[in-house]
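This report concerns only the one structure given below.
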């Protein structure tokens with residue numbers, strides 16, 4: 001067997017070849033799939049990293065049209081709360097609204113509103129054995145401001161003269177009722193007066209602001225969450241499912257391992273309807289085995305990330321473009337989407353990844369600098385930066401719920417001596433996520449215009465690459481000039 005198989009390429013090694021086009025960038029469609037059954041309006045996924053994706057960024061990305069994957073360096077309860085926060089941020093009809101019983105106190109209402117960042121709570125009778133909740137009233141922030149005693153029952157201040165609607169109401173009719181009655185919340189009941197949901201004026205406004213938002217069938221923003229291969233993983237999945245998660249990602253550095261295959265199969269056996277992403281991998285054989293285990297999408301990328309040191313610490317990996325092409329060819333046999341994870345520096349790299357066969361791209365560093373990311377903001381020499389670290393860094397692996405299992409290292413070891421496969425650093429602050437997304441998608445649409453393709457599927461099928469030299473790469477970047485004003489989509493820091 002030959003030891004050296006073939007040359008492998010990454011994004012900087014190639015360019016897409018321009019073609020005849022009658023397609024304008026504004027006419028292109030960038031919808032895609034993140035798993036077999038989950039569509040996204042933008043082919044962007046945020047990485048499950050503790051300096052990248054928590055609820056705030058996941059909300060912003062889903063509203064833009066992509067999807068965020070909440071990292072797992074959190075306790076089970078906290079990670080589930082992040083998922084629930086995304087799912088409750090925007091809804092058509094809130095099907096399981098938070099409620100209070102009639103004997104609750106005003107202080108309990110205050111605590112509940114603060115904990116869940118809500119401004120109104122339906123009040124119901126204690127449930128029947130069948131679990132039905134008979135609506136009795138509603139208590140809002142306005143009611144709470146009118147009282148000074150927090151120990152009184154909420155029945156003393158709640159509104160009982162209620163404006164309600166039936167379950168079959170559409171949002172246009174709901175908006176009209178809300179405006180006519182000058183109220184912010186419309187309670188949805190059945191014919192017997194049992195609470196079935198809640199429609200808020202704020203949710204209707206949010207839908208208008210973000211028409212391309214990535215939502216589930218109930219009008220809620222979509223969100224994913226990472227899980228590992230620890231003994232408590234199924235308990236974590238249980239909590240995430242209860243919180244309403246749309247997809248879980250079995251997230252490891254080496255997805256082609258028996259522990260990952262077993263975990264994917266176990267999750268799918270317990271939750272056959274739950275979408276499961278598995279990874280990371282770099283070979284067709286790995287894709288085949290993960291799909292056979294039950295994966296609904298496969299994440300590709302061994303070591304391409306800017307903060308990843310796997311390729312130099314372990315000497316293992318695959319240049320990302322070749323990895324995507326090899327894996328996508330195998331995935332196409334079972335109609336399984338590929339997520340290209342890592343190595344994206346510019347919007348042009350997104351185009352190359354999709355043209356190579358990926359359905360979406362997962363990014364960490366590009367999103368880590370945004371206002372919505374959870375990384376610490378750092379001031380250095382008069383400039384704003386945000387902390388960014390790999391999940392294989394010492395800091396990330398040493399957290400109480402750290403990522404050591406992602407790299408198959410024992411979290412219970414007394415010495416806590418890990419072998420890191422990532423670093424900790426800082427990146428320039430980039431401002432709001434929606435501005436970053438605008439530039440990324442603008443670059444992708446421009447690429448599609450140059451290539452004469454109208455959608456992602458055509459980008460995958462009807463494009464060609466040309467290999468370039470190091471001189472060609474230098475020529476591709478600005479040269480023989482001193483940049484006096486940086487563009488919003490190009491930086492010399494890469």
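Note that Cβ sites are derived from N, Cα and C of the backbone, with glycine treated the same way.
Annotated features, as they stand in Swiss-Prot:
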- 308: active site, thioimidate intermediate (ACT_SITE)
- 406: active site, proton acceptor (ACT_SITE)
- 303, 305, 308, 475, 476, 477: K(+) binding site (BINDING)
- 306, 341, 342, 343, 364, 365, 388, 389, 390, 391, 392, 421: IMP binding site (BINDING)
- 93-154: domain 'CBS 1' (DOMAIN)
- 158-217: domain 'CBS 2' (DOMAIN)
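When the binding-site residues 390, 477 are scored by other C-beta atoms within 10 Å, 390 scores highest.
Take the Cα of residue 388 (IMP binding site) and measure to each of the binding-site residues 303, 305, 475, 476: the nearest one is 305.
Candidates 364, 475, 476, 477 (binding-site residues) were compared with the residue listed as 'active site, thioimidate intermediate'; none lies inside 10 Å Cα-Cα. Taking the Cα of residue 476 (K(+) binding site) as the reference point, the closest of the binding-site residues 342, 364, 390 is 342. A gap of 5 Å separates the Cα atoms of residue 342 (IMP binding site) and residue 305 (K(+) binding site). Secondary structure of the domain 'CBS 1' (93-154) per DSSP (helix as H, G, I; strand as E, B; remaining residues coil): 17 helix, 17 strand, 28 coil. In this view, residue 392 (IMP binding site) is surrounded by 26 other Cβ atoms within 10 Å of its Cβ, with every protein chain counted. Each residue contributes its Cα atom, and for residue 390 (IMP binding site) and residue 305 (K(+) binding site) those atoms are 8 Å apart.
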